[in-house]
């Protein structure tokens, strides 16, 4: 891993799309790496990682298996110099996860691209065809451009950047791989930080999201599990996933998000939006929305989350959980305005894990890369049961350590914001939200139907063929470090 592969470069313009918080422009720009690390650099870093795992007692958890699904190629993509979405955040996340030695406690998978057939399990073919063939545009179109963006592609939120289709298929590939490992009982908790793009619709890009990998993953889970609980802690409403499963009682969607319909994207997800109005529609009361205001704190969020999810779990009785861990709900995010710290965000993962159900942990939003990396590394440590073992100080050997500014995994509100946001969430309003959710749950049947109108096709043959080819390629390319890597307590992986 080449520590100097990226260097800092300040933003060049003032273009701030998609509800950017102009008082807190926290996103940095980075160069694309010019070269890959050589064998010697990789081996030296691996040895430091192994020592860290031994020092922090990072071992495989007893009684359950955690898997980590990623592909390095996603990190190289770029939405544009001024766009808030930075795939670089995946590089920083990997920096922390590996530096603490966490891969030794997990099964680590270098995932493949999702195929066209896999993507079409949810998305329309005309949309996929356009996504795959549309010419890249170096500059997003102006909103008053005479040529309206087709499928909402080409505007400031969803630009047509170079390598777009590959990026989308890799993101979906990580989530599909995670879902299949859960379905095959090879994993109990599967992590896919490259996924979580919850706004994409069947035939439309939206809110930086082009392919809804979460919907594709849940469709896979429904092949095996009767009921799936989808939980979304992104600062934006999980509208794309809610819409996809709007008329089924096999998926319950619960979204915690900022709700300010006139000024904050996507403007949906009010407290009263609980699914179809008709009681004859199976999806009635199966969409739970928790609308929040600026400045909510860790303690408030914890009480709200555990009360609501505890009640949903008791009434809906899910057999698997899909948890979207969007990190734009953290304090100091470029778009969000909550007062959540890394610890408060991670508590949601801890509580969901305590339910003892198979679970996929997706990424999602998050536009201050260093804090996204902190949150997802911390939540990875919770998944493997090592959160009490690892030190809060970022290891000295962590690549790009200087980019975290503060050397701690848990920055204070002052370090993240300089000044906390004013809390506009009254205790009275939060009690009203809880009471409303409990009232909705009264109408939910204990045992929803287990039949689905549309069963996703069995793509096992396609999957097996592609994965066998990739396995052969990986074995040929990585023979040099294989023996060294397999000395550790975890599975061999690419670093």
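Cβ atoms are placed via backbone N, Cα and C, with glycine included.
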Of 446-470, 471-495, the range TrEMBL labels region 'Disordered': 471-495
Number of other Cβ atoms within 10 Å of the Cβ of residue 199 (active site, proton acceptor) across all protein chains: 26
Cα proximity to residue 157 (substrate binding site), best match among recorded positions 199, 236, 328: 199
CB contacts for residue 207 (substrate binding site) [other CB atoms within 10 A, all chains]: 23
Neighbourhood of residue 234 (divalent metal cation binding site), C-beta criterion under 8 angstroms, separation at least six: 196, 198, 255, 257, 324, 325, 326, 328, 329, 364, 365
Nonlocal residues around residue 236 (divalent metal cation binding site), in sequence order (Cβ under 8 Å, 6 or more apart): 198, 199, 207, 257, 258, 264, 265, 266, 326, 328, 335, 365
